Amino acid sequence: MPAITLPDGSVRDYPGPVTGTEIAASIGPGLAKAALAMEVDGKMMDLSRTLDADARLRFITRRDADSLELIRHDAAHVMAEAVQALYPGTQVTIGPAIEGGFYYDFFRNEPFTPDDLPAIEAKMREIIAANAPFTREVWDRDEAIRFFEARGERFKAELIRDLPASETITIYRQGDWLDLCRGPHMRGTGDIGGAFKLTKVAGAYWRGDHRNPMLSRIYGTAWRDQKELDAHLKQLEEAERRDHRKIGRQMDLFHMQEEAVGSVFWHEKGWRLYRTVEAYMRRRQEEFGYIEVRTPQLLDRKLWEASGHWDNYRSHMFIAEVEDEDKVLAVKPMNCPCHVQIFNHGLRSYRELPLRMAEFGACHRYEPSGALHGIMRVRAFAQDDAHIFCTEDQIADETVRFVEMLRRVYADFGFPEFAVKFADRPTPRSGSDEVWDKAEAALRSACETAGVEFTVNPGEGAFYGPKLEFVLRDAIGRDWQCGTLQVDFVLPERLDASYVTAESGRARPVMLHRAIVGSFERFIGILIENCAGRFPLWLAPTQAAVASIVTDANDYAETVAARLKEAGLAVATDTRNEKINAKVRDLSLALVPNILVVGRREAEQQTVSIRRLGSDKQDSMTLDEAIATLKAEATPPDLR
């Protein structure tokens, strides 16, 4: 006789096995109508599933944020049905719900184009209107393989073959169409509603491997109501306007090319911006007691085997074989094993702890070409990486110190608010459950001490320890995970790190892995999009441009530019034989924040007319006043 505990703490007893649908109906007709799925002991399930034991149950309705994943998952299935109805012979592969929407990958001779989307969307609306129920079926593995092979669905057959032997093979039907799926789903296609839209097409390799067939991917977005959909579509339009790749070209900051996939060619202005961010982070790290080091790019396989990266991270590493020396080297994907080597070089004392070791380390990680995105997702990058070697008793204080530094950095870059996620043990991982229990408890305790509130991000920790993930929200409401703090008891053990205790014994340090901005490349992409290229003056790669009205003022324009440069400002000069309106237009398109216009009158009076980006108004002031004003505005926040 199952006893079902509801969120309000009340318990309902049932005489025998009971479905979620029956439980909802027993509570009331309103819930029976509103319930879309249920969460049973923390696991999402279809309402049709039968419960035959005591459980904690929560119903998911359209008011719950959890319903979004259900809506998007179901929409992906309906899109796949619509595609196969309209384009017979198309094979389906995988189609998950993702943040903000869903997608499905298809295999066909002709890739889809944006022109195909209206017809697919219309067919989806037909299927949704029919409100066919989602029905879960458990199939025999061999039967499922034979079924999909007979239908020419070789990708589905491959997926089933690769599932663990212990995995239950489940199929979901919606009317006459079916798909391999773990679920859960809502009651029927009608629960999706009409607040969805197909947004774009793209290419993707099967399983992200360029050696596999190229698939045609269709993206869509789905929401609980039209208001949410409209807001999201508006956000997408704004994101397109702010796209860092477009603005990067417009401002001449960087470019990417096929000969160096996933690597950035920084142009003069972009590199100036990069160095400004790096210099700021260097000053902040010095302020908070970090030493800076530099470690090698290529390291012997033996070190990566000892650290655990070879077993847990090799698929993301670039490997190089040295034939003459019979060695296998790897380009470092992260700096942590290298920092342990510096810690181990010589005898360490407890008096040296905490030791805060930082490196703007260049790292390389393999990412499938289809996953790369401008400078925001690359293969070659540098990050504000640091490792704190400390005792267990120092974890809480170091966490408080780190969070304070992080708050200042984010505020200075224009992100005064952030959220925190606690990422716990993943599979696979290094270290025993006992060690993980200890690490997770230490990090939770440190969060309490630091006053950090968090939500749990299950299974997303690093293979060597749990971590905090710090998530920024940008100007148009998008979230970006940048900072991390990870507690690691595993790596010091694996790499035999130790220090001399106060009692002259030996002990292992705890290793705190931390980053604030993370990848400089990605963070600069976020900065570009957050301010749409209109940087605060201290970050602007070109802080001012001097434009002459007439050629007679060219010499004075050069003098003004020289004075501004002497004051430490990044300055451009436009003395072309063009009309001033054309110069102002070109400099505005390049998003130069301050245009100093000079003509014969300004030259005679030693003044300038300043036009701010986006303003038609010009302010006249003496050259000395202009220099003082701009110099003050261009001073980095930590130096004011």
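Glycine is no exception: its Cβ is also placed from the backbone N, Cα and C atoms.
Feature annotations, reproduced from Swiss-Prot:
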type	residues	note
BINDING	CYS336, HIS387, HIS513	Zn(2+) binding site
DOMAIN	1-61	domain 'TGS'
REGION	243-536	region 'Catalytic'
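Close to the recorded Zn(2+) site, the chain also has MET334, ASN335, HIS339, ASP385, ALA386, GLN486, ASP488, LEU491, MET511, LEU512, ARG514: residues not among CYS336, HIS387, HIS513 whose Cβ is within 8 Å of the site's Cβ mean position. Local packing around the Cβ, expressed as the count of other Cβ atoms within 10 angstroms, is greatest for HIS387 among the binding-site residues HIS387, HIS513. Averaged across the region 'Catalytic' (243-536), pLDDT for the predicted model comes to 92.
Other C-beta atoms found within 10 angstroms of the C-beta of CYS336 (Zn(2+) binding site) number 25, with every protein chain shown included.
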